[in-house]
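Annotated ATP binding site per TrEMBL: G11, S12, G13, K14, T15, R16, in sequence order. Summarising the annotation, TrEMBL assigns Mg(2+) binding site to T15. Per TrEMBL, the feature substrate binding site maps to R57, R137.
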Amino acid sequence: MNHVVIIGFMGSGKTRVGKQLSKDLGLPFVDLEKIITKRMNLSAREIFERFGEPYYRALETLALKQLIQDSERKVISLGAGLPLQEQNEKYLRELGTVVYLKGSLATLKKRLEGSKKDPMLDGEDRDDKIKKLLKQRDPVYQKFADIQVTTGEVPFEELIKEIEEKLASYEKK
């Protein structure tokens, strides 16, 4: 199934962009994290704290496999860490057209300022952690991206238009 799959770092705008694309393209929107948290009746932070990151990543993989079976085309927002899990590589490639929302370090730091949502930013100096994680994740996101756009540099409407144009062009191939 050729879903539209949104990937990117925390704070890149995956959910907001996904919802708008869903509306514009007339497709249902699915946020993978919401599937997991609804199923577990816990927030992502609570799942991490109670069961650990490996357990959460296993839940992501399970939800990803289920989405591949779905015959109805959708816009899907994935968790920021999902593409890093080796076992997800084949599923991610099967899922559809991957759109990478690339944010600059400055943009992401600003958007994540004060956010307590993501347990991956706990612990050491927050800015250093963002920088380190971004350095680790960016090459992986780029590897999977069929389409890449930069967030935080143009108004939201222009970003959406750019993605939609690139999607139309990519899907004609």
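Cβ coordinates come from backbone N, Cα and C, glycine included.
Automatic, uncurated: that is what TrEMBL annotation is.
These figures come from a predicted structure and were not determined experimentally.
All protein chains shown were included, and the count of other CB atoms within 10 Å of the CB of K14 (ATP binding site) stands at 26. The ATP site is set by G11, S12, G13, K14, T15, R16; from the centre of their CB atoms, other residues of the chain with a CB within 8 Å are I6, G8, V17, G18, S77, L101, R111, T151. In this structure the alpha carbons, written CA, of K14 (ATP binding site) and R57 (substrate binding site) are 18 Å apart.
The two recorded residues, G11 (ATP binding site) and R137 (substrate binding site), show a Cα separation of 14 Å.
S12 (ATP binding site) is 13 Å away from R137 (substrate binding site) when you measure Cα to Cα. Here R57 (substrate binding site) is positioned 21 angstrom away from G13 (ATP binding site), judged by their C-alpha atoms. The CA atom of R57 (substrate binding site) is located 19 Å away from the CA atom of T15 (ATP binding site). Take the CB of G13 (ATP binding site) and look out to 10 A: across all protein chains shown you find 22 other CB atoms. Shown in sequence order, F156 are the residues of the chain, 6+ apart in sequence, with a C-beta less than 8 angstroms from the C-beta of R16 (ATP binding site). In three-state terms derived from DSSP, K14 (ATP binding site) belongs to a helical segment.
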